[in-house]
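*Asks:* Per TrEMBL, the features are:
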{"type": "BINDING", "residues": "THR106, ASN409, TYR448, ARG452", "note": "NADP(+) binding site"}
{"type": "BINDING", "residues": "SER115, ASN117, ARG121, ARG131, ARG155", "note": "D-threo-isocitrate binding site"}
{"type": "DOMAIN", "residues": "30-470", "note": "domain 'Isopropylmalate dehydrogenase-like'"}
{"type": "MOD_RES", "residues": "LYS102", "note": "N6-succinyllysine"}
{"type": "MOD_RES", "residues": "SER115", "note": "phosphoserine"}
{"type": "MOD_RES", "residues": "LYS144", "note": "N6-acetyllysine"}
{"type": "SITE", "residues": "TYR162", "note": "site 'Critical for catalysis'"}
{"type": "SITE", "residues": "LYS239", "note": "site 'Critical for catalysis'"}
Amino acid sequence: MVHYEKLSPPTTGEKIKFNNGLPIVPANPIIPYIRGDGTGVDIWPATQKVIDQAIEKAYGIDRKIEWFKIYAGDEACDLYGTYQYLPKDTIEAIREYGVAIKGPLTTPIGGGIRSLNVALRQKFDLYSCVRPCRYYQGTPSPHKHPENLDVIVYRENTEDIYIGIEWESNDPIGIKLIEHLNNDVIPASPSLKNRIIPQGSGIGIKPVSKDGSQRHIRRAIQHALKLNGNKRHVTLVHKGNIMKFTEGSFRDWGYELATNEFRNECITERESWILSNLEQNPRLSIENNAKLIDPGYESLTKEKKDIICNEVQLVINNIHKTHGNNKWKKMVLVDDRIADSIFQQIQTRPQEYSILATLNLNGDYISDAAAAIVGGLGMAPGANIGDRAAIFEATHGTAPKHAGLDRINPGSVILSGVMMLEYIGWQEAADLITKGLSQSIYDKQVTYDLARLMEPPQSPLSCSEFANAVIERF
Ligand SMILES: NC(=O)C1=CN([C@@H]2O[C@H](COP(=O)(O)OP(=O)(O)OC[C@H]3O[C@@H](n4cnc5c(N)ncnc54)[C@H](OP(=O)(O)O)[C@@H]3O)[C@@H](O)[C@H]2O)C=CC1
Ligand SMILES: O=C(O)CCC(=O)C(=O)O
Ligand SMILES: [Mg+2]
């Protein structure tokens with residue numbers, strides 16, 4: 001039995017338990033929630049009302065969430081005292097009950113506390129951040145065909161620069177570290193030649209591990225396996241041309257995982273070209289196949305040509321029987337794209353993508369950019385998933401200038417609630433909310449962010465009115 005300093009868990013309701021990474025859910029689960037800073041005061045009550053009403057409509061008195069209010073951010077400091085941004089009670093409650101939902105939490109820029117949002121992800125090892133970006137009919141968008149974008153950003157959630165190991169430029173330890181790197185480490189690494197870190201630099205560490213990358217990409221591939229048609233597709237997004245041993249390794253470990261652990265269910269993009277070339281011309285020679293997959297083949301050195309021919313030969317030897325004759329077309333396609341390129345690709349060729357498996361920072365950027373295409377941050381939900389816990393939250397932050405005005409769009413946290421209901425298997429309630437929200441947008445019953453972009457501009461609903469509009473359309 002956990003002893004809480006200032007919390008009283010609900011006296012009715014039961015705990016969600018985990019078995020092999022999957023939640024086992026009673027009819028009346030206790031679910032902790034964090035209201036959040038800034039616009040959390042507006043968004044959370046609207047969301048809670050929508051979720052409760054959907055459950056009641058779907059299941060009557062047979063199912064109910066027993067909400068358990070826990071504290072983080074400014075609200076926690078009010079209750080627990082100065083600098084108590086993430087009290088022990090909050091950590092214990094999430095550990096005890098496993099599934100939680102939260103509003104956004106403020107992180108100061110530069111100095112001050114490190115991100116509470118990141119801290120929660122790391123504390124509970126919620127290694128995959130899942131952010132679907134899909135279009136709801138009628139949503140105004142700067143794009144001509146926003147409906148073509150239907151991607152799920154799978155953002156690695158615990159490593160990369162978010163590990164938070166960095167030193168300010170004038171920190172004596174940072175200065176010493178730079179000296180050590182310049183005088184000892186770099187000269188001892190011949191491939192680094194005579195590079196030098198400028199004096200007066202701030203310095204940060206970017207760790208990317210094989211285990212951390214592969215457990216995350218595994219989840220992304222498992223997700224793709226549940227999808228159909230050309231949505232059975234995972235793109236490894238990286239900046240591996242520049243950061244070869246972090247971002248580049250992420251790509252390599254992804255391919256390694258796909259072609260070992262998921263060999264019977266996955267095809268890589270290059271493998272698909274080789275098999276497809278052969279299907280179009282069964283008598284194609286190895287070299288002609290190599291020329292087709294590498295258009296610059298003729299100008300390559302003999303050594304490089306041999307490597308490509310060898311690749312073609314190996315693919316034919318190893319997987320032609322199992323994957324050839326079009327069988328690969330039903331498998332999960334795994335390809336990779338350089339991060340800057342994927343930002344333009346999701347705008348110019350959105351229909352070609354499905355699951356974007358990214359490292360932490362790239363995923364942070366891409367999820368906001370993808371959200372903009374389909375209606376903005378007010379429509380961008382998310383889930384942080386680990387093997388023993390899950391915390392649901394929107395992609396956006398606290399949007400402080402709108403706080404307390406009952407005007408912000410609660411859609412993103414409501415849709416995070418939909419993801420939570422799906423995660424616990426309450427699909428009927430989830431579907432009611434999706435239906436109500438889609439219909440509200442279609443009926444132009446929307447908050448300011450969408451109303452101002454509509455043609456002609458509509459008069460906006462408040463945050464709480466939008467929640468009611470969704471409920472009326474269940
Ligand atoms: N997971 C989390 O809790 C996150 C926390 N943060 C933190 O939030 C704070 C504020 O960050 P900031 O950079 O301003 O980014 P925000 O995402 O909070 O807001 C930026 C802008 O996005 C639009 N927006 C955000 N949320 C909504 C919504 N629900 N409905 C409609 N529009 C929305 C608003 O644009 P407009 O005014 O043009 O309408 C808003 O001004 C920072 O401390 C940051 O660290 C940031 C991201 C995630
Ligand atoms: O923790 C923060 O303040 C920012 C987090 C963020 O931008 C995100 O999770 O997308
Ligand atoms: Mg972000």
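Yeah, the Cβs are placed from backbone N, Cα and C, and that goes for glycine too.
Since the structure is predicted, the reported quantities are computational estimates derived from the model, not experimental observations.
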*Asks:* Select one residue from THR106, SER115, ASN117, ASN409: among these binding-site residues, choose the one with the most other Cβ atoms within 10 Å of its Cβ.
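*Replies:* Result of the Cβ crowding comparison: ASN409.
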*Asks:* Going by C-alpha distance, which of the binding-site residues SER115, ASN117, ARG131, ARG155, ASN409 is nearest to LYS102 (N6-succinyllysine)?
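*Replies:* Smallest Cα separation from LYS102 (N6-succinyllysine) among SER115, ASN117, ARG131, ARG155, ASN409: ASN117.
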*Asks:* Using the residues the record lists for NADP(+) (THR106, ASN409, TYR448, ARG452), what whole-number Å value is the largest Cα to Cα distance?
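*Replies:* 26 Å is the greatest Cα spacing among the residues binding NADP(+).
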*Asks:* Over all shown protein chains, what is the count of other CB atoms within 10 A of the CB belonging to ARG121 (D-threo-isocitrate binding site)?
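*Replies:* Result for ARG121 (D-threo-isocitrate binding site): 25 other Cβ atoms within 10 Å.
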*Asks:* Considering only the recorded positions THR106, LYS144, TYR162, ASN409, TYR448, which residue has the minimal Cα-Cα separation from ASN117 (D-threo-isocitrate binding site)?
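*Replies:* Looking at Cα distances from ASN117 (D-threo-isocitrate binding site), the smallest one goes to THR106.
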*Asks:* Just report the maximum Cα pair distance in Å for the recorded D-threo-isocitrate binders SER115, ASN117, ARG121, ARG131, ARG155, no decimals.
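*Replies:* Spelled out: the longest distance between any two Cα atoms in SER115, ASN117, ARG121, ARG131, ARG155 is 19 Å.
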*Asks:* Which state, by DSSP, holds TYR448 (NADP(+) binding site): helix, strand or coil?
*Replies:* helix
*Asks:* In this predicted model, what is the average pLDDT of the domain 'Isopropylmalate dehydrogenase-like' (30-470)?
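*Replies:* Across the domain 'Isopropylmalate dehydrogenase-like' (30-470), the average pLDDT comes out at 97.
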*Asks:* DSSP three-state call for TYR162 (site 'Critical for catalysis'): helix, strand or coil?
*Replies:* helix
*Asks:* Relative to the Cβ position of LYS102 (N6-succinyllysine), how many further Cβ atoms are located within 10 Å?
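*Replies:* Taking all protein chains shown, LYS102 (N6-succinyllysine) has 27 Cβ neighbours within 10 Å.
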*Asks:* If you compare CA-to-CA distances from ARG131 (D-threo-isocitrate binding site) to each of the recorded positions THR106, LYS144, ASN409, ARG452, which comes out shortest?
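*Replies:* Nearest listed residue in space: ASN409.
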*Asks:* When you rank LYS144, TYR162, LYS239 by Cα distance to ASN409 (NADP(+) binding site), which of the recorded positions ends up on top as the closest?
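*Replies:* Checked the recorded positions LYS144, TYR162, LYS239; minimum Cα distance to ASN409 (NADP(+) binding site) goes to LYS144.
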*Asks:* Looking at the recorded positions listed here (THR106, LYS144, TYR162, TYR448, ARG452), whose Cα lies nearest to that of ARG121 (D-threo-isocitrate binding site)?
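*Replies:* Considering only the listed recorded positions, the nearest one is TYR162.
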*Asks:* Going by DSSP, is LYS102 (N6-succinyllysine) sitting in a helix, a strand, or coil?
*Replies:* strand
*Asks:* Would you mind sorting out which recorded positions among ARG121, ARG131, TYR162, LYS239, ARG452 put a C-beta under 6 angstroms from ligand 1?
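*Replies:* If the test is a Cβ under 6 Å from any atom of ligand 1, the answer is none.
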